[in-house]
Protein chains: 2
Amino acid sequence: MTVVYTKEDLKAELLKLNKNIGFVPTMGYLHNGHKSLIEKSKSENEYTVVSIFVNPAQFLPNEDLDKYPRNKEGDIKFCEDLGVDILFMPKDVYFDYEPKVIAPKELASILEGATRPGHFDGVLTVLNKFFNLVKPKNAYFGKKDTQQLMVINNMIKSFFMNINIVPCEIIREEDGLALSSRNSYLDEEQRVMALKIFRSLTKAKNMIENGELDSNLIQKEMRGILEPLKIDYIEFVDKEFNKIDKIKLGESIILIAVYVGPTRLIDNIWI
Amino acid sequence: MTVVYTKEDLKAELLKLNKNIGFVPTMGYLHNGHKSLIEKSKSENEYTVVSIFVNPAQFLPNEDLDKYPRNKEGDIKFCEDLGVDILFMPKDVYFDYEPKVIAPKELASILEGATRPGHFDGVLTVLNKFFNLVKPKNAYFGKKDTQQLMVINNMIKSFFMNINIVPCEIIREEDGLALSSRNSYLDEEQRVMALKIFRSLTKAKNMIENGELDSNLIQKEMRGILEPLKIDYIEFVDKEFNKIDKIKLGESIILIAVYVGPTRLIDNIWI
């Protein structure tokens, strides 16, 4: 595995490869969720490039940019062990002044974007850079950030980019907690409380399997399970992120964002 | 020459080519200024792609989008005669909702951007699409839109695009008027008045050649020549578009925007 720290070095390395690059952009502190993305990329592409960059542009001023967990040496070993071809760890990718990519409000001002205005602009601004640099055939993202997937797909289409975005299943702990680098913020008690998230989603799934399709009734049950956690949102949407009152099997997503102590966690389930 | 009207057809045609594509994006109503860009592209690349698209996103609501001159059949013949390989004339390139590229205010809120807020956002948004689609090695732009050149170069650098932007000299009528599709708006009397623009720039050049480097003194003379035209701006900048009080030979640009009747014309000279 080659580790590179500048875009010039990355370009030089990429020149040695041919096409069929799979790309896994990450913010590091790699866990088994990332592992599943990397393994999928390895299985579908000749080369796999992983980037690790804690992107300041996608954090709001009051968010956890500074304390976001980092594990440089561990991440390098993690990628090495998985057979990653190129690991790109740039120090910075921004200039004094430069154009911004602004996500469309129709997708980016709701849900995550309502609580984190500007977040998706930062995501798209950095991914646009990385996509242009790496020129992947396929790029891998977890379904945990489902809204991010929609916003990225919209950019790919609108910018006429020739990249296939591959959504990957959420990886969970044995007890159901969706893997997230932010889980490291949780203390023992909060870790137990966080299980309510998956439990509420499982309850929703069970209700739907038993024929209940009314989102308001399902949401009421979920809110009961989640108590006393502070709920940011529970939302039922179709695949285009339009809100729905009635579940349609195979076309619906239930999204959830809650605070466990000061830590904000998200999760979702595709129905 | 192949004429294509959709991005799908363009992609199919591009697949038949190899690398070394020269690209000349235009808004049509082609004149000898465009001719010089196309000829330069032809001389420097294996293939030349020209696009014609009157881009709504770079016009302000009160501007001349609807009456902007169009000449579809003439433009096709013009490109055919010059040996253009592919002429791309899309009907539309926008979606219901999509990300926007926002030019940095440091470059885009001054001069043209002050009078035409949002103009450069529209320019970058469409060029980003076209660059991704055509994947040119070289792209050709006239120096008449000098600020546009700076804004585009900033995007190329910031977006990690692998495209060489080639600035091309301003082409003028025999009497000095810089070629522009908007010259077609001028009546006979206005056409005569418009000559004051180049005359004022020539005066500035002569003063500088005679040792006068004070931009305020030069500007005063220029304003005298331009009377009674309504001046939008006369500005002296360095190559990074910082304002300067004192001309530095080889590093300065004098920019001018004036109204001739209702028609706004721009011109500039690199010193």
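Every residue gets a Cβ built from N, Cα and C, even glycine.
Record features, source TrEMBL:
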- A:His34: active site, proton donor (ACT_SITE)
- A:27-34, A:142-145, A:Ile171, A:179-182: ATP binding site (BINDING)
- A:Gln58, A:Gln148: (R)-pantoate binding site (BINDING)
- A:Gln58: beta-alanine binding site (BINDING)
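Shown on the structure are the features that TrEMBL records.
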residue	record	Cβ neighbours (10 Å)
A:Met27	ATP binding site	18
A:Leu30	ATP binding site	23
A:Gly33	ATP binding site	20
A:His34	active site, proton donor	26
A:Gln58	(R)-pantoate binding site	21
A:Lys143	ATP binding site	19
A:Gln148	(R)-pantoate binding site	23
A:Ile171	ATP binding site	18
A:Ser181	ATP binding site	19
Euclidean distance between Cα atoms of A:Gln148 ((R)-pantoate binding site) and A:Gly33 (ATP binding site), Å: 16
Distance from A:Met27 (ATP binding site) back to A:Gln58 ((R)-pantoate binding site), taken between C-alpha atoms, in Å: 11
